[in-house]
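In TrEMBL this protein carries:
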DOMAIN    8-60  domain 'Myosin N-terminal SH3-like'
DOMAIN    69-763  domain 'Myosin motor'
BINDING   163, 164, 165, 166, 167, 168, 169, 170  ATP binding site
REGION    598-634  region 'Disordered'
REGION    643-665  region 'Actin-binding'
COILED    915-1098  coiled coil
REGION    1109-1136  region 'Disordered'
COMPBIAS  1116-1130  compositional bias 'Polar residues'
COILED    1155-1231  coiled coil
COILED    1330-1412  coiled coil
DOMAIN    1507-1783  domain 'Dilute'
């Protein structure tokens, strides 16, 4: 159809715009041929008349359909033109945040000016091995394509990265190199890939600088060749550089910087090693302060200096060379500060002792006077004489700057050479991939020689690019057998000829440089004369005679001729160079050694860039005398040669193109400037690619894709079995012009715009179908509505009529009821009146009768009261008269008695006076008597008579005195009674007065109290009522509070339960993490072990065959012996082969360092493995303790039993150790001694055996005694107190009986003495026991205290950890556990060292004793006859007891062990065993053999068999590790063997499910717990290998089956793919479907079931398989824009439902496999839900809890409508989602870790199979084994 037919109403077009470059508009009416104006409406709603060009009559560009906007490949667009490309890039960059887009073979990369999380190792793994068109555009996809083509086509590759400064060229090249380093790895252990990446920081520091456009702009071009060996692993690299911008060393524009290395040096000036450089701040030096911007935001130059030095060290540049580099760079900075003073106009000088020059000369090691002289003078040589001429100040300054630039260029060259030397490999390079990071097309206001060279290079690259695109188009057409028509494309060969041909611009420039008086003006005139008006691409500016214009492929550029000659000559004064060459600093002359040799095309320019080249690809021979000639070559000539060599290299490789675009000049993130973007798109050749594609057939569909997309346009009769013929028939009807399409072999080719036309027809057809469907559905809906309304009306009528009938019946019932009610109401009224009257009459009668009765009662009551009053009054009067008479009588008696008392008182007073006189006389007499007594005492003899008289008188006087005293006492008593009576009367009177007062007061108080009581009663009642109210309120509040408390308690319990559940989950997660870490370490250990085995095999191959007498064990056997044998079980027999292996290892000195490194690494991994195992056990114990909280605590006696059991176990372990040592000694004696002497029947042997046996028996006896004493001490501890009295009584009775029996006194004395000694002995023993008991108690208390402190410390740590966030909590707990385990390991190591020392000491003593015994027995053996020797038995013969039944053991000879292992493991075919025999048969056979060795108590046989078994299983898995059946078979048998070792170990925990017969089969002599751990580790390794095998099998099927294959046919439409699916990228693989995946899953499941794998283990394998399926599917979905659509979401959900159905069929729904698919399910739901409103956003946030925020946003950004009826996700909706999810704490990682392996556990699964019933089939070839 004609293009003009597409310009109909509502068609959208692009019109030019000065601001936005292109604007979108819509046609308001159809275009008719001949119209000069188009009626348009802009997107803002403004109408516009667009005038067509009257000459060309060109119509505006049509817009693509919305479903094609945002495509991955620009060539997939139906309309290929500039506005479509620009709009597509803008939509992807701004709306979808996608920076990469394909344009045919070109990858367009837009700099986001923001760090994006799309370059991690997970992204690299996702792109590795994928076809370029299968994934979204990415720099990794280009790198993968180059890597695959190198391996597939055996052809070198190149990645050409170009673009403006600041567009991201260096970063893109860096990421490409990182991809190669990650994917390929290195062929040696030298980490070549790290060195390749380490070259980046060095080259960035010396070759990158800050510009106004870019903070890290590369100021040179580089081409890095990454070399690969035959296995396509990195072996080395080589770097070539171009056009270093030397002028930046001496000059920087505003807001720019010098090279980074100078600022890094200044920032590190304070380091001690840099003090000799005398550096300072960057503002101090002239060469670093001109730009005025010495600091870059966010960049620490000191840290960058550290990275630079580390990179130098990694690349082999040692410290001395590094300091030499820094010394030269510091010298350049100081040289820039050298100043000149003018003497006159023709000469200048340097101030004397100029500090900067002194520092420069010291650093460079040159003479100050010479350098000072030649900086101000130059030498002129003529044919006859040589002159020294002073130079003016300006020329001296220029010469100083030229010298600085020359030194820097030489240093740059030197560093590049050393980097290349470090990256060089001795291995032969098989192929390489080159990465070209080169400047793009440049045009500025002032363009000089640098821009000329850059644009010349871009012309060459553009020519190569055009030819390559043209070639690819031609190959595609020829492959599809389409008639080839020549496409006219832009050929820039005329422009290249203008520059480099004979008499071209460079040729004329070189010629002018050779002229003695050549200048820029004369050169410009030659250019005008030669090319003006002769070449269409050369022009002269109107207003200038010193400039010229060249029409480049991108744009016209005006070059200023000023400086061209000087820059092309590259002038440096030879005398200054000679001074530097004579330097004492050794490194400096090295820089100028190239001056004497032939210089490569990499010389320097004084103020431009330097083309550098290290070694050409095709080295040429140097002719004599050529060096001088080469030295005279100009910069232009050198650059042209290097560019030709580069083009030869690129033409010899397959190129891949990356075009970097700078979106804006302000470095704003995700901001798109259309003008700048269009300018760069035109310059980088993207639009040329589009034009070439559009000139032919840009849109290409396979026949199947076309049929799937446009099936709706076909009728049923048009559909044939041949898809190709069907498409041809349909296209002939749809597109009448046959020139608009072509049929190829596999594809249909369309002209530009035809796909849009087909899309329009398809949309119209679908729209018409939609209208028909809507019409039918709306009619059906209206008919349904009418029928529903009719039915509703009939129903309403029925109900209304029924309602009316019911109302009438109700009226009749109410009328009848009213009549009855009236009757009864009237009767009720009359009856009520009668009853009221009767009640009133009765009440009146009752009140009257009561009144009369009360009056009568009151009268009788008054009479009775009066009688009582009279009685009381009369009695009171009588009593009053009586009291008065009595009072008068008493008063008279008182008066009389008073009178008589007064008389008596007088008499008493008289008597009292006489008594007092007698008292005084008596006192005097007493004194006299006493005096007389003294005198009588003194003169006894003289005064006896007087004494007698005095005594008589004294007696009389004493009697009288006593009488008087009695009378006096009686009188005193009477006086006191009188006093008491008077006082009593007075007190009674006072009391009466008081009582009266009290009575009055009481009466008043009573009144007040009564008043107060009444008041109080009222108040109390009020208060009680108030209290009652308050009480009710309080009760209500109490009830509410109780309710709240109960609710809060419920909430608290719920929260606590939730917290407990969360903590339990967290503990389980921690446990799984620890298991995962342990199993990852185990995986790393197995990998290193395999590497170690490979290296040993290589060593055996490299080293010559050992001597015949040299004994060497198998490598795997020796390595595994070192792993799986332990220190307590090592015998000297095993040391012999290890010692004999040393000479062979010494024969390979080259690999010994690697061997020692691996051995050290293996040791470290073993330690880490043991630590992780301890940590894992601790975590498991914590989980078990948390689950067993409700179990009963053991009784008190349990502690004693536990103590005894521990002691028993300790003794048993010591006994086992002694037995092992005894066996080792026996073996050592049997091997070391002579056969005759050390034979089992020899006397020396018997003596030694008897001694050892007696010693061991005595040791056992002593230990049993100690054990008994300790147990008695523990058991009697509680019964000491209650038994003391009883024991004392019994002892005393026994003692009395004994004493009674002893009649003899001597016997009694002897018994007493003996008893006394016994008591002392017992007391001493008791004291010693008490002391030991106290010591033990103190020790236990100390342990308890330490445990308490440890517990408190643990609780504090736990409390602190609970306050930390989860990540910090886990890290803190791990750190604590690591510290604790480290301390315990140190203690155990000390104990182990002590034990080793004692063992070695005892062994030495035993050897000495054995030697002495042997010497002694030699003499005895001479005396023994030979017959006696023969008669003695050689070895003890064990005669087993004859059993009727088999004991479940298998016996084999020691020599048959290798045969057993070979037939049962190495040569066994899993398929036959799995089908014909019982599952796990090899495991049962091996365990029965182990049982027999245990029965014989032969530890060597057990160890040898187990070690051989483990090594053989490893060999089998190493040999056939890619076979799923083999790995599954041995995983099942290893687990069964492990379960057998547990089931028959004799441990109670594993014997619960055993039968009594099985318990009899338990191992009796050996504890194989250590080997159980080894087998568990082996099972983990096999499981991980099984996962890797099934992942390798499933991975090719997953993407095709889950995403690409249409399980539901016709749901998803196919969109045009453009050139992204190139034939070179598509591998020839079969198409997998979902059925393929299900069949493979069935195969895996059936194989595992046949092998008898544990059900729990099968569930874990299935869970891992489903995780792999979900992770790989989701990762590909996140990296493929074409898969993110509504229909694809439906396909994914259907596929997931099929997987869930498979789980249900296999009874595996509880395996956790479905949960691993949850992220994929939610991603599919996200593709299907509505994505418009805030409610939709809320629903998405709550639904997608298994997806991270990055994944949700990525899916929404990638969502692409397949049909026009679908809508895109708006940017505002995505921002709403991001705002809602900003508080979610999840991983920023975009992709799932598809390599993640869940930690595996092996739950104990005992077997019910009886060992004695197992039969060994003859097919196994185990006839040498006998059942026991």
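Here the Cβ of each residue, glycine as well, is placed from N, Cα and C on the backbone.
Predicted, not measured: the structure shown is a model, and the values here were computed from it.
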Intrachain neighbours beyond the region 'Actin-binding' (643-665), with Cβ under 8 angstroms and 6 or more residues off its ends: 89, 93, 103, 105-113, 139, 142, 145-146, 149, 153, 155-164, 166-169, 172, 176, 213, 223, 240, 242, 434, 436, 440, 456-457, 460-461, 464-465, 468, 601, 611, 613, 616-618, 671-673, 676-677, 680-681, 684-686
For the binding-site residues 163, 166, 168, the one whose C-beta sees the most other C-beta atoms within 10 angstroms: 163
Other CB atoms, at most 10 A from the CB of residue 169 (ATP binding site): 27
Residues of the region 'Actin-binding' (643-665) by DSSP state, where helix covers H, G and I: 9 helix, 8 strand, 6 coil
165, 167, 170 as binding-site residues, winner by CB count within 10 A: 167
DSSP-derived helix, strand and coil totals, residue by residue, for the domain 'Myosin N-terminal SH3-like' (8-60): 0 helix, 24 strand, 29 coil
For residue 164 (ATP binding site): intrachain residues, at least 6 apart, with Cβ closer than 8 Å: 213, 440, 441, 442, 660, 662, 680
Within the predicted model, mean pLDDT of the region 'Actin-binding' (643-665): 89
